[in-house]
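Per TrEMBL, the features are:
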DOMAIN    4-255  domain 'Sugar phosphate transporter'
TRANSMEM  6-23  transmembrane segment
TRANSMEM  35-53  transmembrane segment
TRANSMEM  59-79  transmembrane segment
TRANSMEM  86-103  transmembrane segment
TRANSMEM  109-126  transmembrane segment
TRANSMEM  147-165  transmembrane segment
TRANSMEM  185-205  transmembrane segment
TRANSMEM  212-233  transmembrane segment
TRANSMEM  239-256  transmembrane segment
Amino acid sequence: MCHMSACAILSYISIVFLKLVPLQHLKSRSQFLKVATLSIVFCASVVGGNISLRYLPVSFNQAVGATTPFFTALFAYLMTLKREAWVTYGALVPVVAGVVIASGGEPGFHWFGFIMCISATAARAFKSVLQGILLSSEGEKLNSMNLMLYMSPIAVIALLPVTLFMEPDVISVTLTLAKQHQYLWILLLVNSVMAYSANLLNFLVTKHTSALTLQVLGNAKGAVAVVISILIFRNPVTVMGIGGYSITVLGVVAYGETKRRFR
């Protein structure tokens with residue numbers, strides 16, 4: 001909720017006061033509903049991912065997240081009828097197969113955590129395709145900063161009651177931590193500004209490439225997160241799990257190569 005609040009405030013300042021981009025208005029009820037849906041799905045993907053981390057190791061969570069390109073390709077075809085080259089779809093097979101293999105060899109596997117993780121992954125893919133439509137379609141095109149301006153307040157409104165219900169003591173805990181750590185507010189502010197920057201860049205990458213490419217690029221981050229989580233948290237991994245992760249990473253590399261050759 002802090003991140004979305006920062007996105008709303010900074011987008012407003014950038015557009016209204018700094019005039020970095022012209023202010024765009026929502027043209028129709030249909031466009032508003034798409035923006036609202038994007039906000040809710042975005043919140044669901046983040047919350048679902050956070051819940052899954054209570055039950056699954058970070059390394060396995062990232063491996064499941066690597067299947068996002070598969071769901072993105074599926075939603076892109078269902079929602080926009082956009083097709084990639086068959087070779088590109090073929091490259092996604094090892095991405096998914098690697099996660100299936102890793103699931104079988106994961107010592108800390110938990111069904112509820114897995115369901116939440118795969119649901120968050122699918123929601124993330126749906127969000128990428130929907131934001132691609134809002135950023136690129138001729139009838140409803142918004143620039144990245146304006147999309148952030150309209151999406152963020154809706155996300156804040158959706159998250160506020162959930163936050164107060166699931167974390168009723170969040171305000172007192174935050175104030176207590178602020179007294180104990182004098183730099184907490186600065187860290188929270190920097191963290192929120194970075195979230196705004198990350199979301200804005202996310203939209204720009206989607207606009208200038210595609211939703212599918214965005215998710216495949218994100219898998220590079222996932223591969224690094226797997227290695228770092230194993231080093232920091234010392235969660236056990238099996239030979240089968242390592243093999244599955246490796247196959248997923250190779251699938252990501254193959255996808256990048258097919259996109260380059262069949263542009």
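In case you wondered, yes, glycine gets a Cβ from its N, Cα and C as well.
Same-chain residues lying 6+ beyond the ends of the transmembrane segment (6-23) with a Cβ under 8 Å from its Cβ atoms: 143, 145-146, 148-149, 151-153, 155-156, 189, 192-193, 195-196, 199. Put simply, of 35-53, 86-103, 109-126, the stretch with the most CB pairs closer than 8 A to the transmembrane segment (147-165) is 35-53. Highest Cβ pair count under 8 Å relative to the transmembrane segment (86-103), across stretches 35-53, 59-79, 109-126, 185-205: 59-79.
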